[in-house]
Amino acid sequence: QVVVPEEVFFTVAAVGILENLLVLIAVIRNKNLHLPMYFFICSLAISDMLGSLYKTLENIFIILCKMGYLTRRGDFEKKLDDAMDSMFILSLLGSIFSLLAIAADRYITIFYALRYHNIMTLRRALVILAIIWTFCAGSSIAIALFSYEAATVIPFTILFPLMMFFILCLYVHMFLLARSHAKKMASLPTSTVHQRTNMKGAITLTIFLGVFLCCWAPFVLHILLARFCPHNPYCACYMSIFHVNGTLIMCNAIIDPMIFAFRSPELWSTFKKMFCC
């Protein structure tokens, strides 16, 4: 097993939780950020926090087992393990659907710029988020309770690449039509500014998706291998870096807020005001 030092593990987790908490506080405090796009970003921040919290609790659970305070096969420990698994699945599903919501928001912004505020109202954004988190919460509980059934594991693991493929198709469609749309909008006086802003948002979303795939895909692959070929020597070799894959999930929680800050001048300005009182 490739083991990550506990000090590094807990430090990365704490930094990820604090950074995403700062994003939430910044959006709540600044009324100019009370927009659908930033609410979807807050949803992604909550998902990142849950991912870091899950890995932290799991590591504490493992340490307590090694010290003899908990047993791996006890009734209480089984329920605790199911609760942590549910938190992990909630974090993963929340991240996927939050990214999907951000992608859809950017799509509407680029191709329906003049009608954006009529299509994506604040109320609709909140309804979308309520539906997303209700679905994710129900799915996470169901999958955690029946995680030992292949009929449950297979749809869950298929959902990850399926949603990523759907977002990728949305991207391809978005960038292929961006030039033709820019020509149609060229006659409008503010079109250049809007186009640059919208494409900047699309590029930011591309960075989000790339970071998400790099950080989450190795852990999802670990789940697949652990379920379908746990005794294969090649699978066992890959599964020996379990702690590294878990640390990558928490690194995602650190990187995302940095992208928020550097790609959004309004959010960066809010951070500076918060730290400078």
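Yeah, the Cβs are placed from backbone N, Cα and C, and that goes for glycine too.
Within the chain, the transmembrane segment (12-28) has long-range Cβ neighbours (under 8 A, six or more residues past its boundaries) at 34, 38-39, 41-42, 45-46, 48-49, 51-53, 55-56, 247, 250-254, 256-258, 260, 267, 270-271, 274. Marked as transmembrane segment by TrEMBL: 12-28 (among others).
Residues or ranges marked as domain 'G-protein coupled receptors family 1 profile' in TrEMBL: 19-260.
The transmembrane segment feature in TrEMBL is assigned to 35-54 (among others).
For 88-114 (among others), the entry in TrEMBL reads transmembrane segment.
The transmembrane segment feature in TrEMBL is assigned to 126-148 (among others).
Sequence annotations record features per position, and here TrEMBL assigns transmembrane segment to 154-178 (among others).
Summarising the annotation, TrEMBL assigns transmembrane segment to 199-221 (among others).
Summarising the annotation, TrEMBL assigns transmembrane segment to 241-262 (among others). Packing against the transmembrane segment (241-262) from elsewhere in the chain are residues 1-4, 8-9, 12-13, 15-17, 19-20, 22-23, 41, 44-45, 48-49, 51-52, 55, 58-59, 204, 207-208, 211-212, 214-216, 218-219, 222, 268, 271: each is 6 or more residues past its ends and has a CB under 8 Å from a CB in it.
Remote same-chain partners of the transmembrane segment (126-148), defined as residues 6 or more beyond its termini with a Cβ less than 8 Å from a stretch Cβ, comprise 39-40, 43, 82-83, 85-87, 89-90, 93-94, 97-98, 101, 156.
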